[in-house]
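Notes to accompany the following structure.
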Amino acid sequence: MASFGYFLFLCGLSQALSSYPIWWSLAIGHQYSSLGTQPILCGSIPGLVPKQLRFCRNYVEIMPSVAEGVKIGIQECQHQFRGRRWNCTTVNDSLAIFGPVLDKATRESAFVHAIASAGVAFAVTRSCAEGSATICGCDTRHKGSPGEGWKWGGCSEDVEFGSMVSREFADARENRPDARSAMNRHNNEAGRTSIIELMHLKCKCHGLSGSCEVKTCWWSQPDFRVIGDYLKDKYDSASEMVVEKHRESRGWVETLRPKYNFFKAPTEKDLVYYENSPNFCEPNPETGSFGTRDRICNVTSHGIDGCDLLCCGRGHNTRTEKRKEKCHCIFHWCCYVRCQECIRVYDVHTCK
């Protein structure tokens, strides 16, 4: 049944390409890993609007970091949704790497845009701090009186530059006066804002025998997993919006406002959406759902990863699986650990 669902899914891909940020596909294309040495490849990246193409050619040395940023964003999405009905599945042989699932203005679309935008900002910022590009480096603006017992040192990561790159590149195609562009711009910025919110000081001690007479400190990004956890919380509390039309000098413009006035209005840190998500229980070529048949579920969980919810009430199958594992490990002085190899039997539960 899973293969049938995959076939149905592929049938709907052609409908997805028109409104897709298909440049995300550079995250899974090995041919883009050498962008820094082959600028002509900018023209081969699919789906670039003219502004993105100019940016790529002007700043080609940071384009590998842009590709890496989208890649880590996708990987983090798959981690955060690993136990949900929609698990951020990608299709490697398609330009629409998530399929039609992102055609709708749902919570899932909001999260993917936010995490991809954050990934680009994060990867570019980290690359600059590591000295991988000549056009950027460390942030030298965090100077002044730092505090008693420590001073500025090391390399503060320039998240403002990374966010600028993400904003100029990722938002370049979101300039239409419609609600979806407004939603994408907002969620892209929420992704970038998450990094700024989570920046923290890292310090290193200096002195005789580690006495820490003086500390040098610098601003650092968190692990990207922390950003993913933060944005997943924003996904769970995303604000539902409604579309309003206004007539301006340039014509009709669509904007978003909160659907419910008794809830707090979303800030620039929050995710927004205006269309309901499908239930993702069955394969559906129109929504891009793979369904949940044959997905591994947790028989002891009452949460969304549990067999009751993940399998959508269809029940589950159970099979036994033998695995080789290290066991009876003993530490020997000095200094190694010797283990035996054991065969252990596990129950594996999959959705019907």
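Note that Cβ sites are derived from N, Cα and C of the backbone, with glycine treated the same way.
Quantities reported herein were computed from a predicted structural model and do not represent experimental measurements.
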Can you tell which of CYS203, CYS212 is bonded to CYS205 by a disulfide, based on Swiss-Prot?
CYS212
Could you pull the disulfide partner of CYS311 out of CYS217, CYS281, CYS342, CYS351, going by Swiss-Prot?
CYS351
Need the cross-check against Swiss-Prot: the disulphide partner of CYS128, picked from CYS136, CYS138.
CYS136
CYS307, CYS312: which one closes the disulfide with CYS297 in Swiss-Prot?
CYS307
Among CYS312, CYS327, CYS329, which cysteine does Swiss-Prot link to CYS342 through a disulfide?
CYS327
Measuring Cα to Cα, how far is CYS334 (disulfide bond) from CYS327 (disulfide bond) in Å?
20
For ASN298 (N-linked glycosylation site), which DSSP three-state class applies?
strand
Within a 10 Å radius of its Cβ, which of these glycosylation sites (ASN87, ASN92, ASN298) has the fewest neighbouring Cβ atoms?
ASN92
Please give me the disulfide-bonded residues out of CYS77, CYS88, CYS217, CYS329, CYS351 that lie within 10 Å of CYS155 (disulfide bond), comparing Cα atoms only.
CYS217
Recorded positions CYS136, CYS212, ASN298, CYS312, CYS339: which have a Cα within 10 Å of CYS327 (disulfide bond)?
CYS339
